[in-house]
Each structure stands twice: as C-alpha cells, then as structure tokens.
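Peer 1: Please read through the structure below; I'll follow up with questions.
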C-alpha cells in the first residue's frame, strides 16, 4: 500500500543506507574469515588456559601472611564462615525479635524474684493507712492532693511518684494518721475529678499483699457503710423516737457534726452537713 501514498509520505518509509564497512582491528578476528583448521600442532601452540581453582589456597596464603606480620588470624575463618552460611533478612529480624522478647521475660522474672516492697526506702508508714491514687493528671501536684484529701482526716505524708526528670508518673500514695480516715477516703473519693480528670482509688497492695489488700478494701467499704447507715451505735447518737416530740423548725443534731471528733467528711459538702428540720407529728 505504500506505493499509493503521496511522495512526501513515501520518503518516511524509505530504508536507511547500509553501514560503511570498517576492517577489524589487528587483534580481533574477522568474522568473514574461514574457520581455522583443527591441527594438533597449531592447537598446541596456542596459549593454554589455566584451570580454575578454589579460594582455599588463597585463604591459607592470606592467613600465613597475617601470621608472619604478627596479626590475629582467628577472625579470618570466622568471617569466611559467616559469609558462607547466613539466614534471610526476614528470618534474622524474627530471630532478633524473639531474642528481645526472651530477654524482657527474663528481666521480668528476675525483677519479680528480687522485688521486695518492704525494703523500699520510699515506702514508709502503715500500709493499712495508705491510700493509692491512680489516673492522676500529670499537672497535679502535692498541694492539689492535700487540698482534696485533707477533709477526710489528718494526712501524715503524700508521695507523688515522679521519674528521673521530675515529671509525674500519674499515681500517688496518701498516708493518713488514722486507718478510719483512709477507709472514708477509699469509700468516697472514687471517681473524684482533679484537674479535669477522674481518678481511681485503692488500698496499698504492695506491702500488705494482694489478699490482705483485698480484705482491707472490703473491710473499708463495709465499715464506712455501716457507720453511715447506723445512727444509734454511739452514745451521742440521736434517738429517732425522740424526734416525735420536737417542736416545729428545731434543728436536730446529727452525729456528723463538725464538732464530732469522729466526723466522716463528705466530698460534696466539704465536711459540713446541714441540720435536719423535723416537724411535729399529730395523731
């Protein structure tokens, strides 16, 4: 079909001229020459090719030269063996990961065997009077904790755990002077919001042990509930039957008055509960 094209397009399909002939160099063989005859004499006169050998002799020579210079030769064999036998990259990565995991488990096991909370110099005081605080805001300070937990009773010490750089780790210990104050704080301070973050409270289980700590937590919750629901176990408690004869608009004293030395504070009222006004009943 190309012969039907116009001349301007036929020129596009014209073949190129052949390459000019260039004689080969003296050292190259002319491809147009006939093959050489297989004559034994001529073949024997050619340059003989040396057979291929291994690298064992070369390594022995290098080792001997290094020994003559007084250098160590043990790493030569090790490097050669390491280069000959190795694993794939993904296998080496998995082996390193397993080794790292094994070391962490070993360190954890040794740490648990050597761990003794009773020998901690920072852990002082009675563990049954110590309240554990968790999920604290990192901006919380000892003053904030003292302001929030001082209403439950006198505090002997507040320990806010920090790292080596002085930053808070988010948990602390509050040591009360009396065990009943710790029980009241344990019952009432759960979910308390400090610096915009709700905290968790628990009894100290390190020195007291997990089982004893669980028993202390149960006893603390039970004791506070009994003290809140029982009104006539103390001599200064108000008899409910005597309230029937009280005139109108007379405040009835409660056992949780600020003057009561065994007063249990409340987070909502900051330790002051309003008096109850009882009206006269008529039959």
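Cβ from N, Cα, C; glycine included.
Just so you know, TrEMBL annotations never went through curation; they're auto-generated.
Just so it is clear, the model here is predicted, and its values are computed rather than measured.
Got these off TrEMBL a minute ago, pasting:
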- 1-82: region 'Disordered' (REGION)
- 17-26: compositional bias 'Pro residues' (COMPBIAS)
- 36-45: compositional bias 'Basic and acidic residues' (COMPBIAS)
- 60-72: compositional bias 'Basic and acidic residues' (COMPBIAS)
- 96-122: compositional bias 'Basic and acidic residues' (COMPBIAS)
- 96-124: region 'Disordered' (REGION)
- 129-206: domain 'RRM' (DOMAIN)
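I'd like to know what surrounds each of these features in this structure.
Peer 2: Each residue of the compositional bias 'Pro residues' (17-26) gets a DSSP state, and the totals for helix, strand and coil are 0 helix, 0 strand, 10 coil.
Same-chain residues lying 6 or more positions outside the compositional bias 'Basic and acidic residues' (96-122) and placing a CB less than 8 Å from one of its CB atoms are 159, 206-207.
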Peer 1: In the domain 'RRM' (129-206), how many residues does DSSP put in helix, strand and coil?
Peer 2: 22 helix, 30 strand, 26 coil
Peer 1: Going by DSSP assignments with H, G and I as helix and E and B as strand, what are the residue counts for the compositional bias 'Basic and acidic residues' (96-122)?
Peer 2: 22 helix, 0 strand, 5 coil
Peer 1: So, by DSSP, how many helix, strand and coil residues make up the compositional bias 'Basic and acidic residues' (60-72)?
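Peer 2: In the compositional bias 'Basic and acidic residues' (60-72), the DSSP-based counts are 9 helix, 0 strand, 4 coil.
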